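Trainee: Let me give you the structure first, and then I'll get to my questions.
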Amino acid sequence: MGGCAGSRRRLLDSEGEETAPEPRSPLLDRPGALWKNAVGFWLLGLCNNFSYVVMLSAAHDILSRQRASGNQSHVDPDPAPTTHNSSSRFDCNSVSTAAVLLADILPTLVIKLLAPLGLHLLPYSPRVLVSGLCCAGSFILVAFSHSVGTSLCGVVLASISSGLGEVTFLSLTAFYPRAVISWWSSGTGGAGLLGALSYLGLTQAGLSPQHTLLSMLGIPALLLASYFFLLTSPEPQDPGGEEEAETSARQPLIGSEAPEAKPASSPNLSLWERWTVFKGLLWYIVPLVLVYFAEYFINQGLMSDEHREFAMAAACISDTLGISLSGLLALPLHDFLCHLS
């Protein structure tokens, strides 16, 4: 089986005319294909969120470094803090680390807001290429920057890469077995752990922030390799392309009657229909907004040593308490919903 991009290119010839698809046995190499797709989406999730996590991990370095024209190849793993605000007892930068957070998230927000309006018109392969190039550009720009402004531009590139990649790869899961969504989610979770640990580990080992970021250029290369060479052809193999492939996937397996016309897909929804669907999703969106707001806002908490040990031990009750309360509330809610007529 070829890669995703190759399979799509085979659907249309160079003149735009339809060509017959290559015959494929449904059971041919199915176990191997399942594992390739699972590993592929795990790596895509990992690589897609990796630069986003690294930029947040490097936020303090991005804002506190006073870069000279040359960069040292070695830094003190435990440097004395440079306090920019002498009137504060905290180790503060002249600019809050929230600036990095906003540069790392606002472009993603814009992409996700605009994606339903026309991103589907752009094929998957160019989207993945742009995502990979932006990821590589973010590491290079931040590594070689001499000012906070330039570094923040690099963080914006990381956000574009992450946002565009997330919308693209989640849409791509529609053409694969449902299990790949779990693998994708696992990969994004792994990025949070591996991204932060890799930056911390390399800088603590004595590598400069610049060389640490440059050493991560293999991540965008791995993202592109996972998409173009690891993923197998999508399940539906219809000569009409992705739109017809989705229709084929929804056709009944048994029956000689002609398939019904495909229901209106999201590109054909009116603005009112989109708003109606969105209102129904607010029950899920609002709680997630509150969770992530609290999770990232707490990063601004400052404690610079005598209170830190107790604070870390006491704050860890928050996630356990929240999960416990949700479980207690879910019991009566489940019974209530199940008894609705």
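Placed from the backbone N, Cα and C atoms, the Cβ positions cover glycine too.
Whatever TrEMBL says is automated annotation, not expert-curated.
Checked TrEMBL, it gives:
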{"type": "REGION", "residues": "1-27", "note": "region 'Disordered'"}
{"type": "TRANSMEM", "residues": "39-59", "note": "transmembrane segment"}
{"type": "REGION", "residues": "69-90", "note": "region 'Disordered'"}
{"type": "TRANSMEM", "residues": "98-122", "note": "transmembrane segment"}
{"type": "TRANSMEM", "residues": "128-145", "note": "transmembrane segment"}
{"type": "TRANSMEM", "residues": "181-200", "note": "transmembrane segment"}
{"type": "TRANSMEM", "residues": "212-230", "note": "transmembrane segment"}
{"type": "REGION", "residues": "236-266", "note": "region 'Disordered'"}
{"type": "TRANSMEM", "residues": "281-298", "note": "transmembrane segment"}
{"type": "TRANSMEM", "residues": "310-331", "note": "transmembrane segment"}
Trainee: I'm a bit unsure how to read this: which one of 39-59, 98-122, 181-200, 212-230, 281-298 has the highest number of Cβ pairs shorter than 8 Å with the transmembrane segment (128-145)?
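Mentor: Most Cβ pairs under 8 Å with the transmembrane segment (128-145) come from 212-230.
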Trainee: Using a threshold of three or more Cβ pairs below 8 Å, and leaving out pairs closer than 6 in sequence, do the transmembrane segment (212-230) and the transmembrane segment (39-59) count as in contact?
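Mentor: Result for the transmembrane segment (39-59) with the transmembrane segment (212-230) is yes.
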